[in-house]
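Copied over from TrEMBL, here are the features:
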type: ACT_SITE; residues: K33; note: active site, proton acceptor
type: ACT_SITE; residues: Y265; note: active site, proton acceptor
type: BINDING; residues: R131, M313; note: substrate binding site
type: DOMAIN; residues: 244-371; note: domain 'Alanine racemase C-terminal'
type: MOD_RES; residues: K33; note: N6-(pyridoxal phosphate)lysine
Amino acid sequence: MRAEARIDLDAVRHNITAVRDRVGAAQVMAVVKADAYGHGLVPCARAAREAGATWLGTAVPEEALALRAAGLDGRILTWLWVPGDPFAEAIAADIDISVSARWALAEVEAAARATGRPARVHLKADTGLGRNGCQPHDWDDLVEAALKAEADGLVHVVGLWSHFACADEPGHPSVPRQLAVFHDAVARAEQHGVVPEVRHMANSPAMLLLPESHFDLVRSGLATYGVSPVPDLHGPADLGLRPAMTLAATVANVKHVAEGHGVSYGHTWHSERATNLALVPLGYADGIPRHASSTGPVLVGGRRRTVVGRVAMDQFVVDLGGDTVEPGDEALVFGPGDRGEPTAEDWARAAGTIAYEIVTRIGARVPRVYLGAR
Ligand SMILES: Cc1ncc(COP(=O)(O)O)c(C=O)c1O
């Protein structure tokens, strides 16, 4: 084993159960886009379903179709579409489709006509994120067009939804502003005649910190995998979550070097004294951020060490000081922290990024090994 990402599916089930306990009557969507944030699309989707996630969420249609191909039934919402995407295939596969603009509604209508069955649509409001979603000044027009398509038997408008910009920053003024705009968008849609099955707005930080954002459904992404979306406020344990991914590698080489020895490309690090170095066979091709050069923490030989020198494509070096380990010993890059290993949040701090990126970017070259599969 060069390296592997161990995925604890019991942790995924535990996290969905914890989310369900927290949100009461609201339904739970497990967001499994981007290969379940690097944890593996199908096994994580199955585990989330087993724990009672009634919805699955994907960004792009290929992900939703892959879930169906793997035999996952039940509700799946997909929200990031481009013109020419497989709308007809999605309708035939019973996938709920997010619509943010008239061009998408037109494609959905054409696909529904071709497929011979109506599409289930969630109209997305841009309540302030400024990314996808329909601006308030275009909302009535989109709603009316969707209701006309509904009258024509081409769509069912089942959802009204939006997404927060700053839910991970309690007290940020955009949060109540976005909630107010969403309430207004829902009211206007209902006045036009929409009877939504689900209104939804909450991502993980909103689900954890903002009960008034729960509405009928919460979209649990990062929390599903037991990683904190608000690491400066709460660690996973405070939130009742268990990290699901452990990234482990096998030490490839160990050597003694003299004082003043440069390490890795660019010689950005030199040993201050004679020391022992361990080579870990993971690099930026595997998702180890190059920005964690000389800062990333790793558990080797029972103690936390630090990456020295630049992270290369396939490998990095840690400084063991006066200790030593053997080639073949285990290096734990991150995990739940139970054994003293760093966490994904620690790596995010070391690399100046967010833990979302740390877990999601673990590369395809790293095999996922599933624990707790049923
Ligand atoms: C539209 C939408 N909803 C929900 C989520 C889940 O967010 P989180 O991982 O913070 O739960 C995402 C992820 O970015 C998203 O794009």
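Here the Cβ of each residue, glycine as well, is placed from N, Cα and C on the backbone.
Mapped onto this structure are the features recorded in TrEMBL.
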residue	record	contacts (Cβ under 8 Å, 6+ apart)
K33	active site, proton acceptor	G57, T58, A59, V60, E63, G221
R131	substrate binding site	H163
Y265	active site, proton acceptor	G309, R310, A312
M313	substrate binding site	G283, Y284, A285
Q) Tell me, what is the mean pLDDT of the domain 'Alanine racemase C-terminal' (244-371)? A) 98
